[in-house]
Amino acid sequence: MAKRIIYNENARRALEKGIDILAEAVAVTLGPKGRNVVLEKKFGAPQIINDGVTIAKEIELEDHIENTGVALIRQAASKTNDAAGDGTTTATVLAHAVVKEGLRNVAAGANAILLKRGIDKATNFLVEQIKSHARPVEDSKSIAQVGAISAGNDFEVGQMIADAMDKVGKEGVISLEEGKSMTTELEVTEGMRFDKGYISPYFATDTERMEAVFDEPFILITDKKIGLVQDLVPVLEQVARAGRPLVIIAEDIEKEALATLVVNRLRGVLNVAAVKAPGFGDRRKAMLEDIAVLTGGQLITEDAGLKLDTTKLDQLGKARRITITKDNTTIVAEGNEAAVKARVDQIRRQIEETESSYDKEKLQERLAKLSGGVAVVKVGAATETEMKDRKLRLEDAINATKAAVEEGIVPGGGTTLAHLAPQLEEWATANLSGEELTGAQIVARALTAPLKRIAENAGLNGAVISERVKELPFDEGYDASNNQFVNMFTAGIVDPAKVTRSALQNAASIAAMVLTTECIVVDKPEPKEKAPAGAGGGMGDFDY
């Protein structure tokens, strides 16, 4: 494939063109008065979106070089999304502003490498400043504010996420499902929940709701397939004497053993239910061990030299309550805090050590199941298009609240970055010189871009608003939805520090790369050759 090679100013200008196109498409969504973007889908209805990274992923340009610019800026958005889960539009607007400002200097003959060094130093200074200004999230009101701002000023959603976090803890899982009704609802399960239900419907204790509910049961946890009922008899006899129900969690229970359990259950001899173990392979064993720790029992496995037929009552787990439906099992246990805490710390260490994002996600799920329970938000909407938009907004809101809990909150609405601009200029003048100083000043000038854009989307003059904000104290800024200057914390317009920091770092990193570009190599589009004129009657329009 032949290549096109473009050098110097031409290369940078071509990248800039692509960056302009993407930044403009994404920037229209910024702020409380930001508009939506409609995306055409190859199949199904068009999607109406207000989420920066989703829009960025859809944009592909015909010109290969301009498309390279789009791909670079898209990276700033998706990296921010990966790190903080929100702030993608801010990252795009910032990167665009730094590139525009920087290219002017490079065109005027500045040394791009020194500019990059200045940009990097400025970014490090700003990250420290953001950390020092961040306030820890103390109460559910702050969490609700962060969630509401991220979901596009939907305070009902913010409150719902705050309630969910209250119930499942800061590390609990909040998952999203498409609901069946018009309203968005929150469903919380306390304790540990995994997605395997009873093996046979005959185990249901409540036939109307088709669920099995046991109070104060014993739990037999094993990674074996149970084929012979003789293996179970010693345990069943001990449990029957104790007069408490039994829940068996095993890899599988085969026909003969299952039939015996069902018959005993129906005759009222023994209150019992059997559930298949969750997960697969090594992960299954780890999850069974988690359940054993949670319930204060032992995993009966031949790896540890333990056999079913010699199992004693004190090796079984105990729970306050177990609810089993056809699809999932919820265990509410208590009294094993020390063991659970040790197990949680162990999983946390594994999360830190693992490189794979898939493993990280699965470990995070295990951590959440152990440490807090699960909240499910069922997203409701009138149409599928609205449902998809709400789901994306909710996802942003959940990510933003988790980020806020991690690193605290700062004034929102572009205010923090705008206030840091004069501080950066002051610091840079005192500590940097020459073109490094110019690099830091490029960042300082770009910092007001998100605030300007929020004001412009609200129909006002961005430059005037940003100058006014710079004169105010740090906690005060511009409330675009009510068109007034307010204390951002009091008004509840806050951003997670992690989101602001990630957006800034990723924007500066990508922009610095664009400024130091001196040559672009892209594929040359191949002209399609038409068939020769005499290629059969009426066949000349086909490509060969």
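Every residue gets a Cβ built from N, Cα and C, even glycine.
Owing to the predicted nature of the structure, the values given are computational and were not obtained by experimental measurement.
The annotation ATP binding site is assigned in Swiss-Prot to T29, L30, G31, P32, D86, G87, T88, T89, T90, G413, D495.
DSSP classifies T90 (ATP binding site) as helix under the three-state reduction.
Around G31 (ATP binding site), a 10 Å sphere centred on its CB holds 24 further CB atoms from the protein chains shown. Summarising the ATP site geometry, the residues cited as binding it (T29, L30, G31, P32, D86, G87, T88, T89, T90, G413, D495) extend over a maximum Cα to Cα distance of 16 Å.
Between the listed binding-site residues, namely T29, T90, the fewest other CB atoms within 10 angstroms of a CB are found at T29. The DSSP secondary structure for D495 (ATP binding site) is strand.
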